[in-house]
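Participant: I'd like to ask some things about the structure below.
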C-alpha cells in the first residue's frame, strides 16, 4: 500500500522524522517496500523575487537580475531566460547547491563582467519536467524565502509498505497510524463523530435476497449534489498513490478505502432502475460492464448488487459502469456493506480482478465501522459537493465480532524470551485498541477490537487423520487454550521490537553432538563425492522435462504430469536423472564441449506416492577420453559407466563379491552393451551401459555416450561388524597364468567364477588380464587370459601340487564354458 | 455380376496381396521391390489409377474414391513396414555389437582426465549440515511430490487462504479429489517429522522446492533449508541465538549485523523476518549500513502443533526457512541464478568445490 506522508499525518499526530517512521514501520511488521521523496534533492531551493531585470551590458541575450532571496540580501544573478522580468517570482539555486537537471553543483561566477551569485531555474533544471523555454514563473502570492518544494507540496514523501495477509486493518492509514502510535511514534487522531440530519426518506432501499451475497449493508442518499473535480489536496493524494482522480464523489470513496480501509461504492440514483437494490447471487447468463470498462460473465457463485435492470456491481470487488457517478450526478446513493472474505477472494480470483476493495474485503474489514464510516463519508461529500442527506437504510445484521483473549505475563519470557513488565505489555495492547476487562498479577484479559479479526479468531484445525483420538483431542484443546495468548504475545513483541529480545544460543546436550546424518544420508553425500573424485561434475537440474523426451527413458504416467507447467516442454516429472544429464551433455556439445562427465543426485519419479520417488545418483559420460601422450583417446563406453557405478557401490559398502551382472537393462541403453548390477536375484542396485543410438538421435547427441544410475534406496545398510584378524600367511603366494579359447558368447564372469571354484582353499584370487578377439583366432572365438593366485598355508607347494591345482582350474573352466586351453 | 462389385473385389485382392508381400519382405531390399511393384511407375495400383479414364463416367467418381482410399491404405502399410524393418535392422546391428558386460571395468582415471567437482548447492547443503549439526540438529528428508495436506492444510494454510496464492503451486492430477503438489517449501517434511516422532525434535530439512515462477531471479525449482526445534522451554530468544550463530559461522563474519523484523506466516506466531547487514552498492556483507532480507522464521503456530497431534500447552518451539541458492550466491558473490541448473561445464568447473575437502568445523566452512 502506497501513501503520502501528509495523508498518514491526517491520522497520526507526530513530529517524528521520516527515517524514524520508516524504521518503526519495518520493525513492527509493516515492511517498507520503498520511499519516493522527490523533494529531498531540491530541499535547498528557495522562492525568490526578481527585484529588477535589466539588459546585460555586454551580451544581447542575457539579462542582469537583482534577486531577493528573502534573507535580507540582494543578489546579482545573470540569466538567459527570455521570460525573466522585473517583479516575477521564481526558484533560486545558490552556490553549493546541486542542480539535478544539469548535474552541476553551482559556483559563484562572473559572466561577461557581471557578477552571478545564483541561478534562477527552469523546470528541467530542477528535474521536474521538460520545460526549458524559460525560468519557473511562480504566482504573485508565492512566499519569498520559503523552500520551493514545501510550497509546491513536493516535500511529501510517498511511502510504500507491504501489508501481510493477516492485517486487513493495516490496509488503511488509520490502522497504520494506530500501530505507529502504539509503537511510541505519536498520537492516533480520533475519528470525528459527525451528526448527520436526515432531510428526506431514502429513494432506494436494500434487499438481501441471498445471505451468501452479503451479511450486512447500509446506504444513504444525498440529493442536490454538484459533482465535479475534487479539491487539489485530494487529487494530489490520489495521484501520489497511483490512482486517477475521477470526480469528487468517486474520489471520496477512495479517500475512505485508503484512509479507513473502508471501501464504499456510490450509485447515481437517477441511473438505478426501480427503487430496490437487491443483494443476490448472479444468474448464469448475467454479465456486468464494470467501471474498468471490462465485461465480466457472472456465475452463480458471484454475489452481486442488482437493480430492476440487472447487475449493477460485483459486490465488494468492482462497481458497474452503468450506474456510476459522473459530473451530471445530482443525487448519489452511498453503499457501505460487509461481505464474506472467502467469497470475495474466490470471485476476485475467478474473474482476475484486483481492486483496492477486493484486497480489503478478502482480508476482512472492520465489522463495527459501517455506521460511522457512512456518516463520515456523507459529511465529506456534503462538504465537497453540497446537498442534503437522506435517512439511512439497511438490511441484514453485522456478524458477531466481540471476542476476548487472555495473556499470562509469564509467557512473555516463557515463549517470547523477552523481559517486558506487565504494565508495558498492557499499555501496548491498550494503545492498539484492546480494552482491559480484567487484570491480576498473573494475567490480563482484554476485549479484542472490532478491526482485529486475526486475534482470537475462530479456530480451524486440519488434524492428521491417523492420529489416535485422545492425542488429537488433547492437542486441539491445547491449541484452543494457548492460541489467543500467542496472538496477544505477538502484538506485544512486535510493537516493542524483536531486536530487544536477548539472543540465547541453543543449548546442546553435550560438547560433541550426535551425528546429524543417518548412514543412508551420509552415503548419498559420499556417492556424490566419489563420482566427483572420478572426474564427474555434480549437476542440479529441473526435475521435469518434455513428455516426449521423458518417454525415451521409461513410463510417463499421467499421474506425474503437471497440470500447470510453466512451459509445455517442462511438464513431465522425469523417469530418471539420466534424461536431464543427457540433455545437458547435448547443450554442452552444442557449445563446443562434447567431452563431459556429469552426475546428479536426485529423484527418479515413478508415481506420486512417497515410495514412487526414488533416490538415485546418476551419471553420464559423453564423447571421448582426453588426448594424452600416455594413453590414446577413445570413445566412452559401457565399461566407463560400469566403473562409475561399481565405484559408488564399493564406496557405499556393497560387498563386491556379491554383485552380479545381468543383461536386462532398461530400453534407453544399447541392448548389447548394457547391464544391471544386482545383489542377489531380486535387488537391483544399478544399471549401466552405452546410450541407445535411437535415444541419442532423438536428443541430437552426435557423439557416443554412456550412462548409469545407482538406486540408493536399494542399497542395504552396511553391517557395522568389527573386522576379524587379518589373513597373513607365512608362505609366499604363487601366481599362474592360463589362456582359454572360448566362444564369443562366453562371459569373462563365467570363466573367472569357474576358476575360483576350482579350489576354494588354495585359490585366493583370479583376475582377467587379457582379452583378445581378432583375425589370429578362429571366427566367433575369443581368448581370455587369467591369473590365479595360489596361497599355501601349511607348507610351500610342491610342483606336483601346483600341477594338480592348475589341472583342476583348467578342467573347471573347460567344463563350465566349453573352453580349450591355449598352448 | 455388376461392375461395382467386381471393382471392389479386385481392390480388396490387391490390398491383401500387398499386405502379404510386405509381411514376407525380410529386408529393405525386398520391401523396396514390393513398393515399386505397387506404387511405382508400372506398379499395380498405378496401373489401376491409369485405367480410371476408361471407366464409364457414371462410375468414375465412386471408383476414383475407392482407388484413392486404397492408395492411402497401401502407402500407410508400406511406410509402417519400412519403419519395422529399419528398427529390426538397427536391433540386429546392435545385437551384433554385443559386448561382454561382465568384464571388469578399466582402471580409473584415464590419463589427462580433469578433476570433477561438487555443485555449489550441494556444497552449501553440506555446510548447513555441518553448522546445524554442531547445534544438535539432524537432517530430515521427504518427497518432492506431496499431498495438499502436508504442504498446506497442516501448516494452517486452508484452501482459500491468501497465502496460497503467493505460493504459485505446481499441481498434479487429482487423486481421490485432492491434487498432489510439488512441494512449495520443505515444511511438509516438518509435518512428517512431527507426526512420526514425539518431541523433543531438532531437525533441519534441506531439499528441492518448486514454484511456478520463472524469471531472472526466480527458478521453478530451487532449494530451501528449513529448521524445526520442538522442546520444552524453547523461546524466541533461542531462535534468535540459533540463527545468529548460524549466519555468522556460515558467512564467516563474526560480527555480522543481524536484524529481526516482525512479520507474518500462517505457520508461525510470532513471526519474524531476518535481515543481515551489507552494502547494497558493492555487495559486501557485514558492513555498509544496508539491510538484506535473508530468511523467515517464528515460533511454531499452535495450530500446526495441534494438527500434528502435539499439545501446545506442553511443547513449543521455532521454525525457520531460507533459500539455499540465495545464501550461496551471497556467500560467493555469484551474480546470476539461472546457470545453477544449466549444467554448463564451464560454469560448473568455475564454481564447483573440491570433492576431497568436505566442509569441516575445524577448518571453518
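Heads up, the Cβ atoms here are built off N, Cα and C, so glycines get one too.
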Participant: Of A:440, A:454, A:538, which one shares the Mg(2+) site with A:487, A:490, A:491 in TrEMBL?
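Facilitator: Candidate in the recorded Mg(2+) site: A:454.
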Participant: Name, in order along the sequence, the binding-site residues among A:487, A:490, A:491 with a Cβ closer than 8 Å to any chain B Cβ.
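Facilitator: Listed in sequence order, the binding-site residues near chain B are A:487, A:490.
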Participant: If I take every residue in the domain 'FDX-ACB' (A:729-822) and average their pLDDT values, what number comes out?
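Facilitator: PLDDT averaged over the stretch: 93.
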Participant: Over all shown protein chains, what is the count of other CB atoms within 10 A of the CB belonging to residue A:487 (Mg(2+) binding site)?
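Facilitator: Counting Cβ neighbours of residue A:487 (Mg(2+) binding site) within 10 Å gives 21.
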Participant: Measure the Cβ-based neighbour count of residue A:454 (Mg(2+) binding site), defined as the other Cβ atoms within 10 Å of its Cβ.
Facilitator: 20
Participant: Counting only residues 6+ away in sequence within the same chain, which have a CB under 8 Å from the CB of residue A:491 (Mg(2+) binding site)?
Facilitator: A:428, A:429, A:432, A:434, A:455
